[in-house]
Ligand SMILES: [Zn+2]
């Protein structure tokens, strides 16, 4: 892939990481500031489930952040945009839609097919 395009994807990934980290910070702040404000047990229960919900979101965010880190590492290693499975180039349209992907569309479809059969 051309250096210019690599730079484009690097910026996309960094921006996405920044916004995810911004969101993650906000969640932590909201969680800690809310904790002191609900002395009533009913409210605390509601708050507890809200918190589980937040933590689930955070889990997803963390996974995505890791994927973005991996993608940035692949950029540095010169492996970005190469399918992990078959070694072919991943189409730019696919990378634009999902820059963290490590599989070309054919391998991704095969993987999904396998998962469905299990
Ligand atoms: Zn492939």
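Cβ atoms here come from the backbone N, Cα and C positions, even for glycine.
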Q | Residues flagged as zinc finger in TrEMBL, choosing from 58-82, 83-107 | A | 83-107
**Q.** Chain-mates of 83, 86, 104, 107 with C-beta within 8 Å of site centroid, Zn(2+)
**A.** 84, 85, 87, 88, 90, 103, 105, 106, 108
**Q.** residue 83 (Zn(2+) binding site) CB neighbourhood, other CB atoms within 10 A
**A.** 19
Q) When the number of other CB atoms within 10 A of each residue's CB is tallied over all shown chains, which of the binding-site residues 86, 104, 107 has the maximum? A) 104
Q: Summarise the zinc finger (83-107) by DSSP state, stating how many residues are helix, strand and coil.
A: 9 helix, 1 strand, 15 coil
